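Student: The transmembrane segment annotation in TrEMBL covers 73-99, 127-155, 167-186, 191-209, 240-260, 281-305, 330-359, 379-399, 405-429, 436-455, 461-482.
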Amino acid sequence: MILAPVLLFFAVLAALSLWTERRRSLPLEETGGGAGFSREYFLGSRSLQGVVLAMTLTATYGSVSSFVSGPGIAWNLGLGWVVFAAPQIIAGFFILGLLGKKMALVSRAVGAVTVVDLLRARFRSPVFATLAALSMLVFFTTMMVGQFAGGAAIFAEVTGGSTTQGLLLFGLLTVFYTTFGGFRAVAVTDALCALLMVLGMVLLAGDIVSEAGGFAEAMRAAAAAAPNAEAYLSFDAGGALPLSLLLSAWVLVGFGTAGLPQSAVRCMSYRSTEDLHRAMWVSTVVCGALMIGMTLIGVLARGVFAVSPESLGTTDHMIPRLIAEHMSPVAAGITLIGPLAATMSTVSSLLIAASSAVVKDLLLNARPEWAAPGKEKRLRFAAKGTTLLLGLAATLFAIDPPDLIAWINLAAFAGLELTFLLPLAAGLFWRRANSAGALAGAISGVGFYGVLLVWKPDLAGWHPIVPAFVVSVLAFVAGSFLGRPEAPEQLRYFFPNTSRKGRA
């Protein structure tokens, strides 16, 4: 009975993907050659409506860790982790509010389909564009492996099946609908996944509160079950989460998320300004409800799932065991869809972005003739073949992830922010920003972050991304002032209404 709702969900996703493919806005022969195919396959022909944009942004950002790792840590530490998660409320609003309008306008003007396309047009640096595309490919692939492995572990623990069976079942389905449906199918299925993530959260919260006898009783039971009730209910978890770490969260999972290319590309995909404004408030409400709701569920679960942390092995096992042991089979199956939807929506977004890095940013840059009219079939084969191969590789690696994958995955989230945030934000809003600054900022930021992860110095509670961002900003500014200013002609689409061309 647990598997019945899950299999129904999988069938609906497959049908929705096929339906989306059939209802593409333009037939292939009418899209204007390979360039039109790229715009449709990697960006959905810039036609997303507001609610779909909000939901796909939320589903992309809300990964399996939002359903497993976050609530597990909150179960162990208490309300302090809810405070740590709070900056995630602004993620969608900040990404769309900071980048949304100008990225859409400029990308249309220069014909950019990917984030790297936009950066290539702004900085005219083949070296930076290639490094950015390669970083996306490496980081996205390792993140997909981590997401697949996490989703398979949840599937196995709740259903009693093997991780390999679960991985092959939902992993291959994700690869299938992403490969054949492209960005449009990813966006539509993401919207469904976001709704089901909210449904799973509501069912889980309702089960916990009902079992405890109400919200107030659930909080009292959670505090009573904790080793130190005062610390469990404090904003800093009794000192386990210092103020410096809580402030770091505003960079790592707050403002820094505007630098995640898999999210930023959504700023180029919407239909109108009205859709952008609607997406800003819808994504804030839905993302806030999910991120705060799931961590708060972790806190409340302490009262009804009172076992020692040592008996779990890791706190990642808390939510799967809670679902399996405290819910009816049908309710457990429906709730299980939540974390699986989070996994699949995140992977599909990463997969289409990784494929775009290979095909649009690397292949078409080296072989621009592939985008010419009459080359659609060759480009379509390359795009879908690349998506399929990357997805299958991530699925196979997830069966037994190498240690190197775990290390790269650890740095992937911050590494992407350090690579893309400053070039995107400064490139759009600061005339003086140039390729020297972009290269210096990205290389110094990611390099210094890697040194901090390996060296592990005492940072007084600050997350390594904070000093890494400081170094990156200094290097970016220094490089921009020391390097040659960009030509006024190069900046005309980015700064069309200023008369001080070529000056800071």
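Note: Cβ is positioned from N, Cα and C throughout, glycine not excepted.
Help me picture these features in the structure, burial and contacts included.
Tutor: When Cβ-Cβ distances below 8 Å are used as the criterion, the transmembrane segment (240-260) is approached by residues 61, 77, 80-81, 83-88, 90-91, 94-95, 98-99, 231, 413-414, 416-422, 424-425, 459-463, 465-466, 469 of the same chain, each at least six residues removed from its ends.
Counting only same-chain residues 6+ beyond the ends of the transmembrane segment (379-399), those with a CB under 8 A from a CB of the stretch are 28, 34, 37-38, 41-42, 141, 144-146, 148-149, 152, 163-164, 167-168, 171-172, 174-175, 178-180, 182, 347, 351-352, 354-355, 358-359, 363-364, 370-371, 405.
Long-range contacts of the transmembrane segment (405-429) within its own chain (CB-CB distance under 8 A, at least 6 residues past either end) are made by residues 98-99, 102-103, 106, 115, 118-119, 122-123, 128, 132, 135-136, 138-140, 142-143, 145-146, 252, 256-261, 264, 397, 437-438, 441-442, 445-446, 449-450, 453, 464-465, 468-469, 472-473, 476, 480, 494.
For the transmembrane segment (436-455), the residues of the chain that approach it from at least six positions outside its boundaries are 119, 123, 125, 127-128, 131-132, 135, 410-411, 414-415, 418-420, 422-423, 426-427, 464-465, 467-469, 471-484, judged by C-beta separation under 8 angstroms.
Residues 242-245, 247-249, 251-252, 256, 414, 417-418, 422, 426, 430, 432-434, 436-446, 448-449, 452-453, 504 of the same chain, all 6+ positions outside the transmembrane segment (461-482), place their C-beta atoms under 8 angstroms from a C-beta of that stretch.
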Student: Against the transmembrane segment (281-305), which of these stretches has the most C-beta pairs under 8 Å: 73-99, 127-155, 167-186, 191-209, 330-359?
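Tutor: Answer is 73-99, with the largest number of Cβ pairs below 8 Å.
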Student: Would you mind listing the long-range same-chain contacts of the transmembrane segment (191-209), meaning Cβ under 8 Å and 6+ residues beyond its ends?
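Tutor: Residues 9, 12-13, 16, 51-52, 55-56, 58-59, 62, 67, 215, 218, 286, 289-290, 293-294, 296-297, 300-301, 303-304, 319, 322-323, 326-327, 331, 334-339, 341-342, 344-345.
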